[in-house]
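The substrate binding site feature in TrEMBL is assigned to Thr11, Ser12, Asn13, Pro14, Gly15, Lys16, Ser73, Phe154, Gly155, Tyr156, Asp157, Lys177, His182, Arg183. Annotation comment: TrEMBL describes Asp72 as Mg(2+) binding site. Feature annotation from TrEMBL assigns active site, proton acceptor to Asp72.
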Amino acid sequence: MLKRMRVVLATSNPGKVRELKEGLAPLGWTLFSLADFPLRLPKEEGATFLENALLKAAYVAKATGLPALADDSGLEVYALGGEPGVYSARYGGRATDRERNVYLLERMRHLKGEERRARFVAVLVLAYPDGHAEAYEGSVEGYILEAPRGEGGFGYDPLFYVPEAGKTFAEMTLEEKARHSHRGQALKALLKAYEHGPPPREISKLE
């Protein structure tokens, strides 16, 4: 049953697609990406990660007739009042990961030590064509370095240092990142829920 489940990954971010495919592999699902469907995702106008993930997943599920899994995630710097938050992918109106990283470092140039504490948050929403939806969340605490480190990952990965691992996300292998990351934690929750097949809907329903 699990191996017959077909799911569309509702993201156009190649890095997220790679991490989601890696994380979902134990379920044996047949996974599609937006490269398989000529869809343009709706604008992320939600006020929370949950709202944005639900918006994308529900749209793709309805458009394709298949269950759809969407990720909305972002970085929250405590000293900046939670910025960039839901605007992580378009922070400061910057177009590229590198430009957004430079902008964040500029915003934090006077912050030192504990003032550079931050967390990454991820919300996965699995939506079905009939309107049913489920949410799985994860988060990880860390610090924003004063300069990027590492060549891997995407987004703010070169700046986000995880003390427990002694590395930035960009210095980790995919396997290491899956163990430590916010998306990895959310995926673990989803895997646990589906390890014996789809969970009872009265338990998993997203209100």
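Quick reminder: no glycine exception, Cβ is built from N, Cα and C everywhere.
Positions of the features from TrEMBL, shown on the structure.
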residue : record                 : DSSP class
Thr11   : substrate binding site : coil
Asp72   : Mg(2+) binding site    : strand
Gly155  : substrate binding site : coil
His182  : substrate binding site : helix
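For Ser73 (substrate binding site), the number of other Cβ atoms no farther than 10 Å from its own Cβ, over all displayed protein chains, is 25. Take the binding-site residues Gly15, Gly155: by the count of other Cβ atoms within 10 Å of each Cβ, the lowest one is Gly15.
Most buried of the binding-site residues Thr11, Asn13, judged by other Cβ atoms within 10 Å, is Thr11. Counted within 10 Å of its Cβ, the other Cβ atoms near His182 (substrate binding site) come to 26, all protein chains included. Same-chain residues at least 6 positions away in sequence with a Cβ under 8 Å from that of Asp72 (Mg(2+) binding site) are, in sequence order, Glu44, Gly46, Phe49, Leu50, Asn52, Ala53, Lys56, Val86, Ala122, Val123, Val125.
Comment: substrate site residues Thr11, Ser12, Asn13, Pro14, Gly15, Lys16, Ser73, Phe154, Gly155, Tyr156, Asp157, Lys177, His182, Arg183; largest CA to CA distance 20 Å, whole number.
Packing around Asp157 (substrate binding site) is summarised by its Cβ count: 24 other Cβ atoms lie within 10 angstroms of its Cβ, all protein chains included.
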